[in-house]
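> Below are the features listed in TrEMBL for this protein:
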TRANSMEM  42-63  transmembrane segment
TRANSMEM  98-116  transmembrane segment
TRANSMEM  122-140  transmembrane segment
TRANSMEM  147-166  transmembrane segment
TRANSMEM  172-191  transmembrane segment
DOMAIN    243-381  domain 'GGDEF'
Amino acid sequence: MSNDPSIAPIAPLRGEFSDAATEAGFLHRQAATILRDLRRGLLLCSLFYLVFGATDIAALGLAKAIVPLLSRLAIPFVAAACLFYARRPAASVRATGHAASAFTLCWAASYFVVICYRPADILLHAMAWAVMAMVIHVLIPNRLVHAAAITAGASLVFIGLAWTRHAVETRALSSLTMLLVGANVFGLTVAQRHARMWREQYWAQQVLTNLSIRDPLTGSYNRRHLNAGLLDGEIARARRYRLSLSLIMCDLDGFKKINDTHGHHAGDELLRSFATLVQTMTRDAIDTVVRYGGEEFLIILPETRLDGALELAERVRAVFAAQRVELEDGLSLGTTASFGVVGAEFGGSHAVTPQGMIALADQLMYEAKHAGRNQVRAKQLGQRVEKVGRVA
Ligand SMILES: Nc1nc2c(ncn2[C@@H]2O[C@H](COP(=O)(O)OP(=O)(O)OP(=O)(O)O)[C@@H](O)[C@H]2O)c(=O)[nH]1
């Protein structure tokens, strides 16, 4: 697997992202498209089966064609049942897979019934089967491994039926086998290519999105992401579910002096080490670290009360103050940071705005600076009580 982040990490045989979480994210994003494709694929297959039903009547006459005809007619009903099962958007990702597998099994079963009733036309059935196997791979969205297992297994049964019913000569049996193998391999290859291209496109989008919303130096989110409604969204969610929300504004102390004394490269290393520390000490996929300014970071802590946010700020402050960054030229550097913490409870009726929360966190951080740096100031929004963190 390549280490280049722009190359999508896709397992070649499965045609899926090697990482389960990325695959789940991809499927979640594509759920509506997958359901739409399933709908179209099943509709098309159902139409074909209705037309095939007419060929049964032509070959056997209406009276003898009843059973194969019923097995063909069952397909549109199975398709409708599968779509009904997969219709709920919340369950659609897994449900569409189940529906696709169930439909593929019924498609094969229907063929077996027809073959038993029209064994003399086995070569025609084989050709139609080959076309349908490719259609199933290309038009019915399913996991490649599941689709491959079902169509390969069903093709083996098909060949077994042709063999045991002596429907074809041995010479023709080998051609029939090759036809089915070819249909499975070609269909699977096209489906695999499609699955890979789809995921590569998604990955490229993710990479571009990440580049546009992250700061390249520290890997934290940038102001653009914050301004795109990040905090508004968290406040709206907290208000709706009556949750707590806290913010921490942090700023590195004496940073200008470090730049002036040791150069921008040393300053960059310190910034990186601070951002990494904050990212490792906060919750993945829940908390958000934003590079708010040059050496200023904003941490958004959903479902966190003021006490918890104050505790986190204290821990970051203490660990960072004790930490040294080793530079390439053997120099060991360290500094401290000042913090402003704001907590808001959304059970009450007081108005909370993103600008208001950020302004208060900023103000508290500057109070910490003016009080001597390397300390934490905290305040509950809408309350007078002010908490002051320990001074190291
Ligand atoms: N190395 C580096 N420096 C940066 C970056 N962004 C901003 N700076 C510098 O950070 C410094 C911030 O200086 P000040 O705002 O005076 O802050 P300070 O020196 O930390 O002083 P206090 O905040 O009061 O402790 C400036 O010299 C900026 O040029 C960056 O990405 N890399």
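Every residue, even glycine, has its Cβ placed from backbone N, Cα and C.
Caution: TrEMBL annotation is automatic and unverified by curators.
Help me understand the surroundings of these features in the structure.
Within its own chain, the transmembrane segment (42-63) has Cβ neighbours under 8 Å at 69, 72-73, 75-76, 79, 82-83, 103, 107, 110, 114, 117-118, 121, 128, 132, 135-136, 139-140, counting only residues six or more beyond its boundaries.
Outside the transmembrane segment (98-116) by six or more residues, the chain places 38, 42, 45, 49, 52, 56, 67-68, 71-72, 74-75, 78-79, 82-83, 85-86, 122, 125, 129, 132, 136, 140-142, 146-147, 150-151, 154, 157-158, 161-162, 165, 167 with a CB less than 8 A from a CB of the stretch.
Away from its own ends, the transmembrane segment (122-140) comes close to residues 37-38, 40-42, 44-45, 48, 52, 100, 103-104, 107, 111, 114-115, 147, 151, 155, 158, 162, 165, 167-168, 172, 176, 179-180, 182-184, 186-188, 190-191, 194 of its chain (Cβ-Cβ under 8 Å, at least six residues beyond either end).
Counting same-chain residues at least six beyond the ends of the transmembrane segment (172-191), those with a Cβ under 8 angstroms from any Cβ of the stretch are 15, 122-123, 126-127, 129-131, 133-138, 144, 147-148, 151-152, 155, 158-159, 162-163.
Broken down with DSSP, the domain 'GGDEF' (243-381) shows 60 helix, 38 strand, 41 coil.
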> Mean pLDDT, the domain 'GGDEF' (243-381)?
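Per the prediction, mean pLDDT sits at 94 for the domain 'GGDEF' (243-381).
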